[in-house]
């Protein structure tokens, strides 16, 4: 088919357009000739619509802004078609990191560089150029642009390590490679800029030069100089690296350290310190050190080249010795590991060879020649102990022995002396015999049977019974040795086979029954057994058959499965044909099982009936019903009945407990404010019309205040502040002498007892209540005093009718068996116990006769204070504090100084006064003091000699009082008493008459007449060191800061007051009892003789609490 000419022309035109048509052209606008990599083109060359150009080359580290634009792309379609073409570049430096390296003009296609290039960071840039129309579509094929960064020598070599470490053996051959060092250069590889050259800068030690360095590879080799570790163990090299093939430039040069350690080789032969060695061992010793072999080696310490290796050359064929190396000291330790006997060998000679643990170096291997080292060991003879020739012996006995064999000798276990080989003098005892089969003769070691052997005993293991025996030598030091006796028991056939489980239960669907027997005898008198079923009752052997038999058991099978219980008799014989006389019976129950849960319980009909116990109880109940009418016949009926006879004296016998004292009586308390002659009233807390007295200064706790009398509670105890009465003021204090008001009633707890300090007029109105209160207070104080010397055996108690808490030690502890309680107060218990005394004595008691007997002189003391409280007429309350100086002479005892004054009945009252706020100083350890503390106490009383007949107590009778006593102690605070240290004691007595009589000094009791007045004493005592004054009161051993309470009570009845009791005029009564308690003082001191041995400068407190017919002085620490 012929083609048309028009188509041929169209094809030709298309070819022409393809060859001549527009394309994207790249033009490199500038190049550098010095690179010699890119040829210079005077014009663009077209190859099939694409411009092929060489890559662009730019040098690093230069300012390239003067060379912009470095490239340009252009499309011919812009002129041919008149299109608006925009150009774009992508790639590293523009759209990929690092950004901002290049910028382009989208209209002209020019590419500019904006920063200095770094080849080490980016050695090559690959960009892609695009020609885009207005819609962003490519109008030309994208064109690649390669930009290479040319390198410059801007980096120096850097070592990979600051310190290189290597090693080489000593005695190494020349040119031995030691190690290789390495450095890197960041410039372009395989160029002159990155070619590194190495060099050794220095070497320590510098001479001789033992290493050289390959400058191109960095390898270090040894020279021909021989390395010796014993001379230099290490070397240090300083090396440097330069690029440019070692060209010297002004760039800094990096250096590194190279440390080379010389390795040790076994090139030294060990040397022994001593050529001949000796040692000594005791016989019969083992694991003891004999000697040490000292070795020297010049090789590296601790290495195998240094450690010595010892071997026996000769003499140790018996294996007596062992040698090992001490890794710390490199010494050979020779140890005896096998006992030697002096009698057999007295000397041991052997030799050893010394080498190293590591093999010798080839350089000295031919020079080493082993030399034996002789060692001589002497055996020391010692006194040996005892021993058994054999530590274990065997004795054979039979189980068939009868009782006559007990005590039979079955063997002996003799110990021998190792030195002489003769039997030793020793004692033999059993160490272990669990079933006490034997006895051992302690002298001859003979072993006797103490119990018949039993093969079946649980202590027999495999037919052997074990006993251990200890032999103790008689010589000193004693030595012991232990031996073992094995008693082999010969078994006899004395046991027959028996069933292990004679009662069994199986389910009806079980095929077999396992029947097992046992025999306590051993082989051959036990298994295997023979089993046979005895046909009793007939047919049993057919019903139960033996299906399979083992050594000691059989499997029994039932021919007919039938529920119920069966008793199957067996004949079981042992291996010797011996069987038990009685047949072995197996009680077997075959039952129906429910799903494997066991047999179903058999159903039985329930039966309810009375048992024998129920019938017996019914008969017993019937008999009891018959017995009740018989008991009713014995009761009294009608007139014959009698009532209960009351027990006489039930009111006295059934004493109402927890009720102390008589019931209180309600009485009206009259006014206690008398009017004096001047019309002034006595205040509620004081006494009017008191004379002014000077106040005593010092450390005393007693304050004398003008016109005032009061009590206050300070620091847990009572302190009294009062003033002196003088002149006519005492005439208006009332018939009973009461100077305390009703509002000053307080409880003093310093003595440990409850004391009611009510006024004397209140006692006159409620006499019975006050009497009982005083009585129980005295008794409680006495019991408390005794309790302080004993450990408390009960706790503090509070009774229901007490006004305050109980004492420190309860009055329940009033009877200590081991104590020394003075029970003489039972001699006179007062009127309250008169009825009880008459009942006990069976006779009437005359009270007046008893009082007349009491008026006779007596020397023994009692506690009868409450029984005479009805006669109280004057109450004086005072409390003074004495401060002692630094030291005083040691006083005499109180009994010796005042024995003549105690001529009548003496009543002792004790109290304890404490002052908690005052710190108690620790007494100094002075055994004796150089001075004394003297306190003088004297009482003078007078009264009418007419026997009184009645008791009259009333407030209208004038009376006189004891007002005060003063004590001056030598102390630093008593500066206002210049005569306090003169060493004198002054006692001043004043008498105040009821009708205004003045007070005159008295010389003694001989001036007092039997007139109706009461002497009031004002005494001034000076506590001062005085050798000429006889003390009447010795102070206890007290320390600084402690207190001593002195209590004085004085009663003197006035003639105008009728009294039922009389104190004779010619007698003077003073009683003192001192109780010392506190640190360093155990308790009461007898005979009132208290000496001061501790530190002085103490405080003494004197207080008067109430008036009795006696005088009591009390001392106590606080």
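A Cβ is built for glycine as well, from the same backbone N, Cα and C atoms used for every other residue.
Since we're looking at a predicted model, the values are computed, not measured.
Of the candidates 703, 887, 1060, Swiss-Prot records phosphoserine for 703; the remaining residues carry no such annotation there, which does not rule it out for them. Taking 197, 573, 671, 810 one by one, Swiss-Prot attaches phosphoserine to 810. Of all ranges given (610-634, 635-659, 710-734, 735-759), Swiss-Prot attaches the label transmembrane segment to 610-634. In Swiss-Prot, the feature N-linked glycosylation site is assigned, of 112, 808, to 112; the remaining candidates carry no such note in the record.
Predicted-model confidence for the domain 'Cadherin 3' (274-388) is 92, expressed as mean pLDDT.
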